[in-house]
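Take a look at the structure set out below.
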Amino acid sequence: TSAIILHSKRLHITRATVKAEQSHLEQEARVLEHQEREQVAILADETLQDGQDYTITIQFLGNLSSTFHGFYKSTYRTQEGELRVLAATQFEPTAARMAFPCFDEPAFKARFSIRIQREPKHIALSNMPVLKSVNLSPWLVEDHFNTTIKMSTYLIAFIVSDFKSISKTTSHGVKISVYTVPDKIDQADYALDVAVKLLDFYEEYFSIPELFVEQNYTLTILFSPDLAAIPDFQSSAMENWGLTMYRESALLYDPEKSSAPSRLRITMTIAHELAHQWFGNLVTMEWWNDLWLNEGFAKFMEFVSVNATHPQLTVEDSLLKRCFDVMEVDALNSSHPVSSPVEDPAQILEMFDDVSYDKGSCILNMLRDYLTADVFKAGLVQYLQKYSYQNTKNEDLWNSMTNASTPSLAHFIVSVLPSSSSSYLSSSLTNNQHWTKGQTLDVKAMMDTWTLQKGFPLVTVTVRGKKVHLQQDRYVVGVDSSSSTGYLWHIPLTYITSKSGTVQRFLMTTKADVIILPVEVKWVKFNVDMNGYYIVHYEDDGWDRLINLLKKNHTVISSSDRASLVNNIFQLVRIKKLSISKALDLTLYLQQERQVMPVLQGLNELIPIYRLMEKRDVDGTERQLQEYIVSLFKGLIDEQEWSDEGSVSERLLRHMLLLFACLHRYQPCVDKAKGYFMQWQKSNRTLRLPTDVRTAVYAVGAQTSDGWDFLLRAYSLHAFSLDREDIKLALSLGRSEDKLWWLMDQSLHGDTIKTQDLPLIIVSVAKTPHGHRLAWMFLKENWEKLVEKFELGSNALASIVTGVTSQYSTRSQLAQVKEFFSSLEEKSVQLRCVHQAIETIKDNIEWMDGNFEKIKMWLQNNHQ
């Protein structure tokens, strides 16, 4: 060839030369640019020979990006109010090409030598430690960094800033540092302690140390994963190899001022990024269609690692909620398989969604439960060791899992009846015995059904004496069932019964099957602890029996099982398998519930229904529903201490419940929050509010114009940097439409409130009765600016589109949304989030048409 094709975006290339290895001459090369493809061609005068080494030298210029990707500018203010500038990078997925011309695809792994020139008042950070620093002049220093190991371009990182750092060494001898702006270095200790603990855990779990020494490489590389808090950062964090980057709110913590939810979020975010040092960085997906191999694993390892290192955080609750939430999106016809073909940068960005991250983690949790924790771990270790520094596909992981499980087969026994349609599971089958019918495990055959087709199964259970009849169908919203034929999953079913709390297991690989129980039972509960990624429907009187169980003795089954029943019954209403009155019948038991997950799931199912009604502003039924929801949890709300006492789980419950109670006008809560807010105002913000109730207090305070203004002034003060998440939320719940518009506009321009927070603010505004029309107007008026700032296909843009429209439920609103998006250029119209928004509105219309009158009648009969 005579052309070398590289990626390049918004770079001005001034000169390019090509030099053969044996030659002393550099030959000038022509440069052609294809802007739409984000590519440049370096054209040599002579044909480049196969097998010959060439050096290409490119001189180019580029501006620091004003977005959140590429090599971009970030700013912060010191305690004294001085504005300071720094530069940082965000290259994933396709933005390394905005910083330098390169082969910007994950399979093109290479070693990178980086040098950065800076002023002496700054420091430069990159993936590797500094090898040497050279003073070029009194005002210019050049840092030379060690050459990296083989890695993909999207993982390269550099920062030029005035950051300060603190450091610690792990038990394996790895030095870790946390970098922050100077004024916030005292908030870095928690993150550093967490990182040390987690890195020690991962090194032992994966049996591959993070002190990497690559074979056949002359340098010994000390590859320590440092952590840096960046003032402007679009996503929560980024796993750059050796230099992980975070939003400040995802890394900085003060035990005196930070809340329990903040502690949980920070711990899990660090666990996620450090897991990537193995999953994603050491072993990388071959192409973006398998992004879930990176992100699903890192999400799942949050759960495994934090459960082991910080058991007090009860992280299993987070995994359960994650699976409930992603199922709502995955139920839409516009969902996509975990592994999906993608080609252009916008399609690649769209893969960074809940399906890749959360569904990925949920199906991995199911696989671990299926294989057992030990076999699953052995498969992971085999996979990482075999493919270190390489790129992989789905099947490479499944083959490692199959190999790891094969030696263990002899230990697992199951009896099989002669009939191929019926399987017998003896009551002696215990947790550590296996599911299979004696054949070799084929993990690929099973997991392909979960990664190569979208959606998830609905398992219908019909009990007839000792026989349990099973049927699987695709669970999908708003689509004719005939369009879902051909879907079949290998489902690792688990169940308990009224006669046995021992978990029984059965792998369902056919459309229908039958399990024969040893004895007849009063009730059966499938999908124990919701470890499986599927929903269960109980035919005949199956639901009545479970509802009766919850009313009489709900603690017979686990809190996770109770939460899954609350979730599943409302999902069945969504597809008209059950009536809304049946689902509301089940919620009556929640008056007795005291555990965090069933309570939160009850709120997560009921509050969106209230909000749909509230936005329609109809005949007062929404007020009745609100009163009913409050009455369910009144006893639990009244029990809450307005303090920071208790376990993390209890504190999370308090945080959520009091915010809910105050926002939904439960008067004792509102009065108490008002009292706290007035005291805080009188003390000129010196009164220390309990961190777990702060959000509720601020939210109530923001309902008056004076309170809103007082909170806004507090937002700008350095002393309240750790309160900003709570204050932002409170401001977005205000009543004044002028103030809400100003808040969104300020966030877009990034003056008072950082632009990184705009998606959260718009969606919060959209949820309020005062703001839902404003948020839609703001989206329409500023669409081009939002696309420019956040990029087409980005998760930030998708969250705005779906968040603003998620509570629309009228035909006129549907027409408005369709009309606006159809008026845009084709790339915007084709966005998956637009299809999801339209589908969700149609589903809401159908839901309200079918259920509004029934809810009204049920409330009249059951809630006075």
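Glycine residues also receive a Cβ, built from the backbone N, Cα and C atoms like all the rest.
As annotated by TrEMBL, domain 'Aminopeptidase N-like N-terminal' applies to 1-155.
Feature annotation from TrEMBL assigns domain 'Peptidase M1 membrane alanine aminopeptidase' to 190-412.
Positions annotated as active site, proton acceptor by TrEMBL: Glu273. Other C-beta atoms found within 10 angstroms of the C-beta of Glu273 (active site, proton acceptor) number 26, with every protein chain shown included.
Annotation source TrEMBL lists site 'Transition state stabilizer' at Tyr357. Every protein chain considered, the tally of other Cβ atoms within 10 Å of the Cβ of Tyr357 (site 'Transition state stabilizer') stands at 24.
According to TrEMBL, the feature domain 'ERAP1-like C-terminal' maps to 523-842.
When averaged over the domain 'ERAP1-like C-terminal' (523-842), pLDDT in the model lands at 95.
For the pair formed by Tyr357 (site 'Transition state stabilizer') and Glu273 (active site, proton acceptor), distance between Cα atoms is given as 13 Å, rounded to the nearest Å.
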